Protein chains: 2
Amino acid sequence: MKIIVGNIENETLEAENLTSHLGEKIKIHGSIYKIRKMSGFAFILLRTKRKVVQCIYSREYSLFELEDLAEESCVTVTAQVIPEERSKTGFELQLLDMEILSKPVQQIPIVINNKRVDTSLENLLNFRPVTLRNERERAIFLLQEGITLGIREFLKQEKFTEIHSPKIVHAGAEGGANIFRFDYFGKEAYLAQSPQFYKQMMVGVYERVFEIAPVFRAEKHDTSRHLNEYTSVDFEMGYIRSFEDIMEMETGMLRHVMEVLESGYEEERKILNAKLPYIKEIPAIKFLEAKELISKKYNRPIADYDDFEPEEEKLLSQLIKKETGSDFVFVTHYPSRKRPFYAMDSEENQEETESFDLLFKGLEITTGGQRIHSYEEQLNKMRSRGMNTDLFESYLMMHKYGMPPHGGLGLGLERFTGRLLDQDNVRLSSLFPRDLNRVTP
Amino acid sequence: MKIIVGNIENETLEAENLTSHLGEKIKIHGSIYKIRKMSGFAFILLRTKRKVVQCIYSREYSLFELEDLAEESCVTVTAQVIPEERSKTGFELQLLDMEILSKPVQQIPIVINNKRVDTSLENLLNFRPVTLRNERERAIFLLQEGITLGIREFLKQEKFTEIHSPKIVHAGAEGGANIFRFDYFGKEAYLAQSPQFYKQMMVGVYERVFEIAPVFRAEKHDTSRHLNEYTSVDFEMGYIRSFEDIMEMETGMLRHVMEVLESGYEEERKILNAKLPYIKEIPAIKFLEAKELISKKYNRPIADYDDFEPEEEKLLSQLIKKETGSDFVFVTHYPSRKRPFYAMDSEENQEETESFDLLFKGLEITTGGQRIHSYEEQLNKMRSRGMNTDLFESYLMMHKYGMPPHGGLGLGLERFTGRLLDQDNVRLSSLFPRDLNRVTP
């Protein structure tokens, strides 16, 4: 019998800690990211967990042959940490010795160790397991990790409980045809379009809940904005006074996210040239007013009174940016007929809902609103839409047995990341995007 | 236009903060959990986000009629905070006034406001949206939240990067028939049985990664141990010296989880009568040795040399507990033919793998091990199993272009929670469990 004591020490150091070992002989492991041969010596970039470290090979002190090294080899090196002002880390590593742990079988057919991976989107995604090794590509998802970190920190502080709701469901929350179906032991089941029903139920349990998890949309849109699977940040809160409480909470949350990205993630922001928006406040405009404003300012006839065209979202964001300086804008009071059956209609105007979207630099990244909490009201709305309420028995159970006024939102993590980095395609902020034509890698 | 400033202040207080308001008149909101009428007064339990607070209704000072109150009504109360030694919180609330925000349409047909919900498992799950409102039920998932909190804290500290991998996949990681299939825009796609392929790919990117997300198993087992959808805690790490590094990491992680649950979550532990195991070290025994030991000690013939019977897992845990005091035991070196194609075989014995399971009080809660990182070795193993390597082109890409020695594990969150609480059915630690017969609520 062996005894495992939980010893997680390593003889190798972390790149982040090297500055406290200046002048010392150390060991560190990583992948050979790039070899740049000069005369008599070579620059070697070592890719570690989160940082790329500059090393120097020289025949003067290196006890191995440069020819034995290949890019993407995994190695443990013994090196001297030398102060070096010209290096952005403040030091460089003089390579003394090298243990090769593994070698690639062949060279990657795409150059991944330049500033950017210079290839088509198609290639970038086809070769995802290796193009993600590019310093810029991996910075995107470190920043994305920072976003979820900030969200979790904030929501925990605001006493939201994290939940895990099922993705295999018996009814779709968003309705319509955009749902994946499959055979579940002889019954038909679906992939959850959102955790909507479950997060509402859990408001009856913990008052405030959140979940960061995959959702699935069988939308046949092949655009730069749509993914068929994405990571949804959902929160739902009880005892709200109006749906504005949700917008206030989101504004606080986004502000905190920016603070987290601002105080950490400096290197990633630099690599990505990311300019974080400063969120002092976010303007909110009614849907109809926004439609009319865009129509007037840009001299566009209104083609559709029910929804925005993508172009209108862009124009509205431009306008708001110009007038208020804000990259974000809430659009409120969407038409009732375009919102789901659980959306609460406005008291003043039953054609409108107590709902909102959040646009960020021209793209909708959040949909939210107040939900119906009264059993009778919910039944009536479902009936008026010709829905079979029997199918929603377990959903309606919470209304029947008592629910507080409540509401919440869903934020698309990839869209948010993408807008933050001014990317022109949401696929770029998904590690392994799923679209109409892509289920690989 | 409105301006949203991110104001998340409330006029109501949190139950946790009331002790600093002794003697004051305050407002607080929540659900009426229980009404216990006495003569001339009544005890009223108010269910808030995470705590149940004791309130007193009395005709002397309460400015409303007790008859207006119903259990599961949502209310905002005005109350006086009175020191009260007999209350476990150290205070009670004298109800002055009450605003009713919503009322249930009818009484819940199951009693949910006793210590335990005294009903069948079937009923408990059928009425999940309301049975979860029970103080004991909701404590289970607060503790579960504490588990993931501890895991995240630990893995972040150990420089693991959190990732989001796709659940819609083109090939199954675990192989076999236990996979859900569905039509993905005319192509066949599957629900991920694990993030295995993706977390391995991401080791090539960040060296250490983790994910806490749903996985899907189309297993036709109707047992107390199986769920068809569960929350998998997966981590994967590069530059390991052997698979023991992974067990060391898991031991450290579990120890940290216990520290988090020990320092917080006191009330939940009390409600659940949870005794946390102290993890000083965890013994590890080879699979074959374990089989023989059980056979000898309990005089059982070995029926199956490839796997444990559930009874054997229980007996082994009993034995280890008796001999070492540990509730956990690692079982290592599982037979190669029972492990997936990516498992690394042992150098000394090719029939065995560099792999392990972790048993906790008689139940397997983790499977892990070292993976093959050499391209040739991986190709050979797949071919020897008659697999079509063309289907795994994007998976094999990482091996081809260089991977460090690596390995990782998957831990079933519900099983772990269940064993921690000595529950006899894993469904009890899933908010909305999915099994052969259940896709609702």
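Even glycines carry a Cβ here, placed using N, Cα and C.
According to TrEMBL, the domain 'Aminoacyl-transfer RNA synthetases class-II family profile' annotation covers A:151-441.
Sequence annotations record features per position, and here TrEMBL assigns L-aspartate binding site to A:E174, A:R217, A:T367, A:R371. For A:R371 (L-aspartate binding site), other Cβ atoms within 10 Å of its Cβ number 26.
The feature region 'Aspartate' is assigned by TrEMBL to A:196-199. Looking at the region 'Aspartate' (A:196-199) alone, the prediction's average pLDDT is 98.
Sequence annotations record features per position, and here TrEMBL assigns ATP binding site to A:R217, A:A218, A:E219, A:R225, A:H226, A:L227, A:E364, A:G412, A:L413, A:E414, A:R415. DSSP assigns A:E364 (ATP binding site) to a strand in the three-state reduction.
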Intrachain neighbours beyond the region 'Aspartate' (A:196-199), with Cβ under 8 angstroms and 6 or more residues off its ends:
163, 165-166, 169, 171, 173-174, 209-211, 234-236, 340, 342, 395, 408, 410
Could you check which of the binding-site residues A:R217, A:T367, A:R371 is the closest Cα neighbour of A:L413 (ATP binding site)?
A:T367
Around the Cβ of A:R217 (L-aspartate binding site), how many other Cβ atoms lie within 10 Å? Please give the count over every shown protein chain.
22
What does DSSP say about A:R371 (L-aspartate binding site): helix, strand or coil?
strand
What is the total of other Cβ atoms whose distance to the Cβ of A:E364 (ATP binding site) is within 10 Å?
17
Could you give me the DSSP helix, strand and coil counts for the region 'Aspartate' (A:196-199)?
4 helix, 0 strand, 0 coil
A:E219 (ATP binding site), number of other Cβ atoms within 10 Å:
17
From the binding-site residues A:R217, A:T367, A:R371, pick the residue whose C-alpha lies nearest to the C-alpha of A:R415 (ATP binding site).
A:T367
